[in-house]
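Quick look at what TrEMBL lists:
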- 49-189: domain 'Glycosyltransferase 2-like' (DOMAIN)
- 412-572: domain 'Glycosyltransferase subfamily 4-like N-terminal' (DOMAIN)
- 583-745: domain 'Glycosyl transferase family 1' (DOMAIN)
- 296-315: transmembrane segment (TRANSMEM)
- 322-340: transmembrane segment (TRANSMEM)
- 346-364: transmembrane segment (TRANSMEM)
Amino acid sequence: MTFVLLLTLLCLAVPVYVYFGYPALLWLLTRGLPDITHRRGEQKPSVALVISCYNEEGVIREKLQNALELDYPQGLLQIIVVSDGSDDGTDEAVKEFEDERIVLIRQEGRLGKTMGINLAMEQIKADITVFSDANALYATDAISKLVRNFADLDVGYVVGAALYTDGNEGASAQNENLYWRYELAIKAMESRLHSVVGGDGAIYGIRTKLWEPLQQQDINDFVNPLQIIAKGYRGVFDADARCFEETAGDFDREVARKERIVNRSIRGLMRVGRVMNPVKTGVFAFEVISHKLLRWLIPLFLLVGVVGSVILAFAGFGLFKLVTAGTVLILVLTLAGHLSVNRNKLPAWIATPYYFVMVNGYAVRGIVKALQGRTQVTWNSARNTETGDVQSDMQVSKLRVLQFITPAGFYGAERWVLALANNINRDDVICDLAVTRESPDQDLSVAEYYPSNDGQQVHYLDMKGRFDFRVVARLCEVIRNRQIDVIHTHGYKSDILGLLAAKRAGIACVSTPHGFAGNVGFKLATFIRIGTHMLRYFDQVVPLSEELMDDMKRFKVPETKTSFIRNGVDLKEIDAALASLPQDKNTDNDSRIIGFIGQLIPRKGIPDLIDVYDQLYQREPDLRLQLLGDGSQRQELERQAAELSSGNAVQFLGFRSDRLELLSKFNLFVMTSSLEGIPRCMMEAMAVGVPVVAYDIPGVDQLVEHGETGLLAPFGDKAVLAACCEQVLGDPELAAALSHNAREMVNERYSAARMANEYEVLFRKLTGKVKDIPSPQRGVS
C-alpha cells in the first residue's frame, strides 16, 4: 500500500505543479531579475507578413485592410496570403485589392496550413517573416514592436500578445479568455528567464534565414520555434506587440481543437526532442518539459491518481476519501454540462469543470493517436465550419514513404521492395529507399535496381556490426530532410532500427514480415526474438501470409495493428522479360531443366531437392538441375552433389540478374522448403508459366492447390515428391494445364499493382492523407 500511496501522491502532484507550481517557480526565479530579454533597437528590416487561410471570405477583406494600415514603411512590408484550396470566394476577395504589396499564393488540394507556409517560405526574401491568422487584427504598431527585438542577435523568434475579445459571450469564450490571460503571464516570465516556449499562430515572427521546411503534420508555431532553439537562438515575448481575435465561443469545437493541437504538438516535440536535453538547451529544457510535455500528460497522471485515490479511500485513508468525493462531484458536473442542450450558455460553476474534463479527455485521444501515428493536417475554423466533425477535413496530398531494409542478398524481400516501388502510384506517392551498407562485399542490388526517377531517392546508411544505433540518427536525418510520412521496414534489424527512428521522428511506422528463420544459432535467435517483440509497437504490421498472421498472435501483436495484404509479383517486369525471349524453351541439346531460385540456406531444404533430382536423373540422364542463388549452405550442397552420379548435371549458378530468362527455360520448378511466407520465387515461376511441385507447407499451400495450380507432396516425403515431378515431366498436357491455371491465379490475385494499391490505402489511412485510389487494370483481388 505504501507504493500505491507514493504513486498516487506523485500523480496528483504533477497537475498541481504544472498549473500552480511551475508559474510560482517562474515568478520566484524572475523576481528582481534584470530585464535582459529585450535588447531592442529601432531598425526597420524588410518584413513578409504571411496570412494563412481556408475559406475566410468573411474576414479576409478586413484583415488585409488592417495589414495595409500598419505603421511600417510601405517599401519594407510584403503581405502574402496563402489560400489552402479555398472555395468560398476568399481568393476573389484578395484579388479585389490592387496594392502591389499583396501577393496571393493558392495551394491546390487542401494540403494544410503547414504545407502552405512551406510553399510561401520558398518565395520570401525578407529579413523577418511574421505569421498571422486571417481573423487576427493587428494593432497599428504591432509589426514595429515585434521586429525591434531582433536587434538582439541572440533572438531567433518573437511572440506577440494575442488578446481575445468576447465577440461570443459563451462559456467557451469565457474559459478561453481566462486560459489565455494565464498563458500570457507564463510567456512573459519564460521570456524573462530564458525563452518563451513556442509561438502563436496569430502573431509571431522569425529571422527568415532560420526557417526549416516542416513536415505536413507539424504545427508551425510550435515546431518551427523549437527548431530555432535547437540552433542556439532564443525566443522572446513582447506584450506590446498586440493583435485581437474573437473567441470562437463554440464549446464542442474548442475542446475538439485541443485534440488536434496535442496530437500534432506531441509528434512535433518527439521530432525535435533534442530541445529537452538540458545539456544542449539549458533552462529551455526545463521550460518546455514543465510548460508543454507535463501539461499534455496531465490526463494520464490524473487517471492514475484518481484510481489510486479510490483504492486508498477504501483502505481507510481519510484524505483520499475527500479526493474521491471531489472527483465524483466534478464528474457529475461534467455530465450535467454534457447533457445540457446549450453548452455555450453554461454557468461558470458547471462550465469550468466541464471544460477541464473535456479538454483533458480530448488530450488523451490526441496522445493515443500520436502514438498510433495518426494525425490531422487540415483544419476548419469555427467561423466557416458547419459541422462539428473536425476529423472530416482530412484531405489528399502527396505521400512520402521510406522503405528500409538491411539487404542480405537479392532475394524475396529485396525483390518485393522493388516490386512495390515499381508499381506504386508515383503521381501521388514518393517512395524512397534506405539500405544499410555493412561490408565491402555486401550485395546491394536492391539499391542499384531501385527506380530513382520521379523524385525517389536511395539513401545508403553505413552500419558496423549487427546493430549500429547510429543508423537511427541517420534515418531521422533522412526523415527530416525528405519530410517522410511513413517508414516501412523489412526484417528484424530494420524493424528494430526503423521503429526507434519512427518514434523519435514522430511518424507512422509499418512492418512487413517476410518470414522468420527456423533453426538458427542462439545469438541470431535472440536478435530475432527482440525484433518480433518490437512488432507490437508498430502502427501496423502486414504479414505476407495467413501463417505469418497466426505468428502475429503468438508475438502478441494486437489484432487492431495487423493487416493482411497478399504478396505480389511485378507482372510488368515479367511481361517485358517474356516479350524479349525466344519462343523455344530449351536450346542446349533439348535437355530438360528442373530449377529452384532462392537462398541456399538450411530452411530451403535443398539437400532433399538434390536427392530427388538424383532419382529422376537415373531415369532421364539428360535432365539437369539449376540452382539460382547463394547462401551459407552452398559449399555443403556442392559437396553433396559431387558425391552423386548426377553431380555433373547439377549447376550452381549463384545470383543472376537474368533470373527471369533462366526461369522461363525451366520445365519444372521445385520447392522443398520447411518454412516460407508466400514464396515470391514460386509466384514468379507461375507467372512465367512454369509448372510447380513443392512440399505441402503453410504459405506454399496458399499458392498451390494440388492438381489445379501445381502438385504437393507431404513435407519430407522425398518419394512422393519424386513421383509428383515424374508425373508433371511425363505428362505435357498436365504440365500445360497446371501452368495455365497457376498463371491465371497469380494474374488475378497476386499482382504487385494490386498489392501497391492496398499499401497506399493503408499508408494514407495512417497519415490522414486520404484519397480515392483506382484499382489496377490487371491483378485486382
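Glycine is no exception: its Cβ is also placed from the backbone N, Cα and C atoms.
Whatever TrEMBL says is automated annotation, not expert-curated.
Same-chain neighbours of the transmembrane segment (322-340): 12, 306, 309-310, 313, 346, 349-351, 353-354, 356-358, counting only residues six or more beyond its ends whose CB sits under 8 Å from a CB of the stretch. Within the chain carrying the transmembrane segment (296-315), a Cβ under 8 angstroms from the stretch's Cβ atoms is held by residues 1, 4-5, 7-8, 11-12, 14-15, 18, 262, 265-266, 321, 323-324, 327, 360-361, 363-364, 366-367, all 6 or more beyond its ends. Along the domain 'Glycosyltransferase 2-like' (49-189), the predicted structure has mean pLDDT 87. When the domain 'Glycosyltransferase 2-like' (49-189) is classified with DSSP, helix, strand and coil residues number 56 helix, 38 strand, 47 coil.
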